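For D221, the entry in Swiss-Prot reads active site, proton donor. Swiss-Prot lists H296 with the feature active site, giving similarity to another entry as the kind of evidence. Feature annotation from Swiss-Prot assigns disulfide bond to C42-C68, C223-C240, C346-C352, C374-C383; the stated evidence is similarity to another entry. The N-linked glycosylation site annotation in Swiss-Prot covers N53, N91, N106, N241, N256, N323 and rests on sequence analysis. For 1-21, the entry in Swiss-Prot reads signal peptide.
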Amino acid sequence: MRSKTFSVLSSCLLLIATVQGQLSGSVGPSTSISDKKAVKTCNVLDYGATNDNKTDVGQPIMDAFEDCGSGGVIYIPDGDYLIQEWVSLENGTAFAIQLDGVIYRNGTTTSQGYMFGISGGSDFELYSSTSKGAIQGSGYLYHMNGEFTAPRLLHISDVSHWSVHDIALVDAPMFHFVIDDASNGEVYNMAIRGGNSGGLDGIDVSGDNIWIHDVMVTNKDECVTVKTGSHNFQIENIYCNWSGGCAMGSLGSGTNVSNIVYRNIYTWNSNQMYMIKSNGGDGEVSNLLFENFIGHGNAYSLDLDSEWSSMDTVDGDGIFYRNITFKNWKGTETDGESRPSIRVICPEATPCTDITIEDVDLWTEEGDSETYVCKNAFGSGACLKSDSSSTATYATTTTVTSAPSGYSATTMAADLTSAFGTDASIPIPTIPTSFYPGATPYSALAGSS
């Protein structure tokens, strides 16, 4: 919960962020928590919930929403709660959920879908006043049996002016947090921790005017990934701590993405520092900035791949990528010769234009050389060709045999030394206070005040 003074400071910081980044307007709830509490507080304990991890809290939350969903705060006090009935809250206005307890998925339920879904409406906030609230999905109970088509944890859909902050999402049976066609939102001060397997995405996001910052993700798939239909995003201070890494896609027919900034992204022992992935399709991706990236121990680094083999080819001449800048990248990857540290692969029928690779200094951890691969990509830097007016297609590989100056980069104290498996319970993490070397989080943890 933010004080009035802090709200003013946050607004000033947001103004700075809007000027420096790609946000198109204000983000977050329209009214404060104190204003919402002044209307009404609905304690789930008064609606039949008990914090004994035995009695379903899902229905009490939905019953509390009937009284507080048009103005007020649904309060889930400290303690352990069992969820059996999935929560679906639709078209609420001027309400919040204060999750100070921990919600555990009932391990015997076979329900699919989203455990916690908020759809429609506006002026919404999900937060923990102690920064200790969490949703524990106990996904390992599925994964240990080889099941990965399973419930998801949190879904924000078609909501305007909202925020999610100061909570942890843990061990999702499938995806952790999906933001779908939402607008004017803010996500911050979160820890997401999942099993070491594909399909356990951290944050997947689409919509307009969304600020995601100060988030740590551990899993084996998407860290913070932008989907088609995304515009005016600012994503910064992201800690992919043994993850799949951040990405865009996969993109197919009718792709429409513009005005996206990723800044201050730290990636440790993940699949990639950043990947844009498509295979065929059509549409346009434009006006992207990827600035201040640090990586260590990753399989791939800078990877724009319009021939991504992990997806089926989609009908179309390929997506048109234009005006994309990669700037100030440092660090290492595991094997820069067998997996190029810079790879920009663009469609033959729709070459990429206005691509800039500037101060991208990466080096291999194995061997003594690395490669850059470019195909049908025009701009400046690395192996890119400069003449986009040419109709000739091309493909080139450049071998680098000496480490670039300035590639060395710091590590983070919380870098994991091993992954979390898929056959045992995953502990709930403490939300960190640092998400990128030298960068101060925009908002102090709610529990620190």
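If you go along the chain as it appears here, the first residue is 1 and each next one adds 1.
Each Cβ is built from the backbone N, Cα and C atoms, and glycine gets one as well.
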With C42 (disulfide bond) as the reference Cα, tell me which of the recorded positions C223, N256, H296, C352, C374 is the closest one.
C223
Specify the nearest of the recorded positions D221, C223, N241, H296, C383 to C346 (disulfide bond), where nearness means the distance between Cα atoms.
C383
Given the recorded positions N91, D221, N241, N323, which one's Cα is the least distant from that of N256 (N-linked glycosylation site)?
N323
Specify the nearest of the recorded positions N53, N91, N106, C240 to C68 (disulfide bond), where nearness means the distance between Cα atoms.
N91
Taking only the CA atoms, the spacing between C240 (disulfide bond) and D221 (active site, proton donor), expressed in whole angstrom, is 10
If you run the three-state DSSP split on C346 (disulfide bond), which class comes out?
coil
For the glycosylation sites N91, N106, N241, N256, the largest set of other C-beta atoms within 10 Å encircles the C-beta of N241
Lowest 10 Å Cβ neighbour count of the disulfide-bonded residues C42, C240, C346, C352, C374 is held by C42
Would you list, in sequence order, the recorded positions among N53, N241, C383 whose CA lies within 10 Å of the CA of C223 (disulfide bond)?
N241
How would DSSP class C68 (disulfide bond) in three states?
helix
Distance from N53 (N-linked glycosylation site) back to N106 (N-linked glycosylation site), taken between C-alpha atoms, in Å
9
Of C68, C223, C383, which of the disulfide-bonded residues has the most Cβ neighbours inside 10 Å?
C223
Expressed to the nearest Å, what is the distance separating C352 (disulfide bond) and N323 (N-linked glycosylation site) at their Cα atoms?
8
Secondary structure of C240 (disulfide bond) (DSSP, helix/strand/coil)
strand
CB contacts under 8 angstroms to the residue listed as 'active site, proton donor', restricted to the same chain and 6+ apart in sequence, sorted by sequence, are S197, G198, G199, L200, D201, G202, S243, G244
